[in-house]
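Now, the feature entries from Swiss-Prot:
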- SER21: phosphoserine (MOD_RES)
- ARG32: omega-N-methylarginine (MOD_RES)
- SER43: phosphoserine (MOD_RES)
- 87-403: region 'Histone deacetylase 1' (REGION)
- 481-799: region 'Histone deacetylase 2' (REGION)
- THR958: phosphothreonine (MOD_RES)
- THR961: phosphothreonine (MOD_RES)
- THR967: phosphothreonine (MOD_RES)
- THR971: phosphothreonine (MOD_RES)
- SER975: phosphoserine (MOD_RES)
- CYS1047, HIS1049, CYS1117, CYS1120: Zn(2+) 1 binding site (BINDING)
- SER1148: phosphoserine (MOD_RES)
Amino acid sequence: MTSTGQDSSTRQRKSRHNPQSPLQESSATLKRGGKKCAVPHSSPNLAEVKKKGKMKKLSQPAEEDLVVGLQGLDLNPETRVPVGTGLVFDEQLNDFHCLWDDSFPESPERLHAIREQLILEGLLGRCVSFQARFAEKEELMLVHSLEYIDLMETTQYMNEGELRVLAETYDSVYLHPNSYSCACLATGSVLRLVDALMGAEIRNGMAVIRPPGHHAQHNLMDGYCMFNHLAVAARYAQKKHRIQRVLIVDWDVHHGQGTQFIFDQDPSVLYFSIHRYEHGRFWPHLKASNWSTIGFGQGQGYTINVPWNQTGMRDADYIAAFLHILLPVASEFQPQLVLVAAGFDALHGDPKGEMAATPAGFAHLTHLLMGLAGGKLILSLEGGYNLRALAKGVSASLHTLLGDPCPMLESCVVPCASAQTSIYCTLEALEPFWEVLERSVETQEEDEVEEAVLEEEEEEGGWEATALPMDTWPLLQNRTGLVYDEKMMSHCNLWDNHHPETPQRILRIMCHLEEVGLAARCLILPARPALDSELLTCHSAEYVEHLRTTEKMKTRDLHREGANFDSIYICPSTFACAKLATGAACRLVEAVLSGEVLNGIAVVRPPGHHAEPNAACGFCFFNSVAVAARHAQIIAGRALRILIVDWDVHHGNGTQHIFEDDPSVLYVSLHRYDRGTFFPMGDEGASSQVGRDAGIGFTVNVPWNGPRMGDADYLAAWHRLVLPIAYEFNPELVLISAGFDAAQGDPLGGCQVTPEGYAHLTHLLMGLAGGRIILILEGGYNLASISESMAACTHSLLGDPPPQLTLLRPPQSGALVSISEVIQVHRKYWRSLRLMKMEDKEECSSSRLVIKKLPPTASPVSAKEMTTPKGKVPEESVRKTIAALPGKESTLGQAKSKMAKAVLAQGQSSEQAAKGTTLDLATSKETVGGATTDLWASAAAPENFPNQTTSVEALGETEPTPPASHTNKQTTGASPLQGVTAQQSLQLGVLSTLELSREAEEAHDSEEGLLGEAAGGQDMNSLMLTQGFGDFNTQDVFYAVTPLSWCPHLMAVCPIPAAGLDVSQPCKTCGTVQENWVCLTCYQVYCSRYVNAHMVCHHEASEHPLVLSCVDLSTWCYVCQAYVHHEDLQDVKNAAHQNKFGEDMPHSH
């Protein structure tokens, strides 16, 4: 799938390759018999490429995708990068307030406080100011109905009593004679920034406006909001500037249901909201605010909700949601514009949000978003009601937009258990729709650390903000330092002029940096040789002295000396050049730590990361990065926390060995491994190598076991693994072993990372360590690709936004396997990799509904095409009249409820199937606003139908406050019918066929239909379903439960006992025969969790993972929390079938 495939291909993943069992790491270290300069043989030759090309005929859809993708390419390297941050701040927006309540939180004082803070920090003068303008009525009509706009316009002429009467017909709003004009001005302010941004007048922007807008719906005021500014801006950008894909990020503490309802059928707008939910107890009390609501119809998968179910959520929780969910999906969606509903009511001290985020945290969120859409980013103020916190939050985000480094986070950057659960559930709901979210075999085995210890760690690591920290923002004259010396070209191969590690490497890089004007933007720093004392921090004195003797050796002796090492050549200048390269890195460290520059690049050679304490290796003599790290710690006078990221395609064995017992240095390497056959050979680069002694867990190896790894694979590793660990480590300095031999065209690497990809990797790391980051050149042997790649990284260091990644394919399955393998290894060391606790997983994973997506339209869906009502809205219909549904909440495992929802959804999930039904999706959305509806509870109580729907464009179904004992139970599975009322569902004529009256209600209340563990307890008549709904084969395929095709715990299955298998045995503990399971390790029989839960107790005591149902012969893995169907289970299943039915199983698949 290409990056532009959102407009022409289905969002449902086309194929799900079964992940293979990862090979066991070899315990023996392979001898390094191969040479580093050997060319990998896995790449196809020219003849194969030509043959393959002739066999592939470009289809029309693929050609259209290619054309759209090429539109994003910039073939002119000297194109001017837009500069400046736009700001709209108009005093007229303070011309309204609540006439009857002076204490109303949405007040003019909010903007006054912001303005004072921006003046205090000198930010107003650094921005490009734009005059606010009024939005035209035609522009508002891109989202809102004309009748609603006209109604709002009449408020200009109402007196206070009339305004109050009208305001009371809505939820949480007030009206003032100037409310309409200010709302128009607020919307127009955002549109002005859109024009400036798309016209390359600015790089990004912020609209400091009021009233807020994200709760406003098509024809409904709500939650202080009259017009939905960002929704109008998205439609405006699509119409005027031909933007095809817009990302809207809503980090306001309240769910922006208005924005969600406007776009929940539209695949051209991706909506992401992270908000306080508390299982529906927090405003706006909607099921549509939960993780299970993902949009419907063509927009299924394009609505993302991350609900916080407790207060006090911190920066770490928000950052984790961005890393694990938003950034991966956005990288596949590839937005062309990012709009942020920037509410700051999640900051510590806000009376409404009751969260514990800090201004620095919002600076980091802003920075992460600046890597998307080529940097085209607009923040629009929404909520925030603690004046001091609001002002600090706005200023922090504005600092980041202006290019200032993100402050270091003071709290422990580890998400809490509740956040991990919410993130996991959201991922579960979204995984079928986004290829980048596909998780390979990522087992959820219990960590070796006891659960009690983990909980104690969380308690000890808990952080509670007592006050907003006074963030400091460094003012630097020079942002990026550059160190280079042509003397390093003196190191050369006297016997082979075509050796890949050629002196031309650094010369070509410098020439390119000068050609594109980047060198002139940097502060040129003089290189110096490393001192012996600096070298001795990482290398032995004997080795240094031995290398020094090569300066006076004869040519024949130099050749013999080089042969003593692995992949090494030596000339008389080698020792001096190696000292100069290492000293240059140390000089750059001095400049960064002293504040002379913020970050820097060292264009040096020979490279260093293979150099061992006592030996040269792989073109390397002195380990420049390692020496620079030790030099930084000496300057600081303490064990400075240093992150070393090594993205050279070869594993940095030398760096790993130097720091493998040091917890002050986190070493992360991404490299080709090919199961130990890629240089430097052996098992040092395996994922199982995690360090030793005090440094255990601080060595992280991401081994690629094949070629062609590209941008998508590296970004997946960044999002899932590198950045979560890095944020938890919270480094004070970042050093990058910047080898570019994983770049496209490199003769040694065989990978496909683009210069743009390296720019993104650099940008994402720049949020760490207060922006103190240094790139030190390692490998890279294609002169063109290393020059362009280093230039791309330099652009990022200078603050230029990373370019869009065009034609980005999904991550390779082999890459996902490697990443998952590393995550499994390091979960015990890094809490940020434990997405959720085991006992919470069942909430999300049981009976997950999967519906094939419709092919999205190539153009955005207009508001009129979706939900525009006909006729004027009567005044009494404006009032929100939502009533909680009667009946119980549907639990996750209820087979009848889930199957019925699946079948009902089946009739509505495709345009072809919809032809035979009287249900209109647009009408249904007008009625319930896209909220989730429990159809079974509705069908069971038809007398309540009139009270279960809302007025036109109402908020949707409210979430009733659950009893205390049920606060952790949530409804699952967003159906495509998330806007259908119970009354309208009767139009399908199927409920009568299923006879779902009191019988359905009884089935709903019983636990016999639960699919959690014992599918054998299900008593649903599938034939009745078939008769009621026709042949499913003619419609979209759906699955109530999809078993795993492989499980890492299959090795726990033991041979069938000699006495055979008796599935009629009673439970060993209680003697029941009602519903039992047999353990496939010890073959003892116990009852299910829905009888007396003795099999659950057996699993907890024995840790035996796999069990077989004596009822329906299904196999369940307690550790994976999923059903498993694999050929290794066929023998035991067949034996059980023979015992139960007296014959072999009818089929073996």
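Any Cβ shown, glycine's included, is placed from N, Cα and C.
According to its DSSP assignment, CYS1120 (Zn(2+) 1 binding site) is coil. Of the listed binding-site residues, namely HIS1049, CYS1117, CYS1120, the sparsest Cβ surroundings within 10 Å are found at HIS1049. When averaged over the region 'Histone deacetylase 2' (481-799), pLDDT in the model lands at 97.
Secondary structure from DSSP puts CYS1047 (Zn(2+) 1 binding site) in coil.
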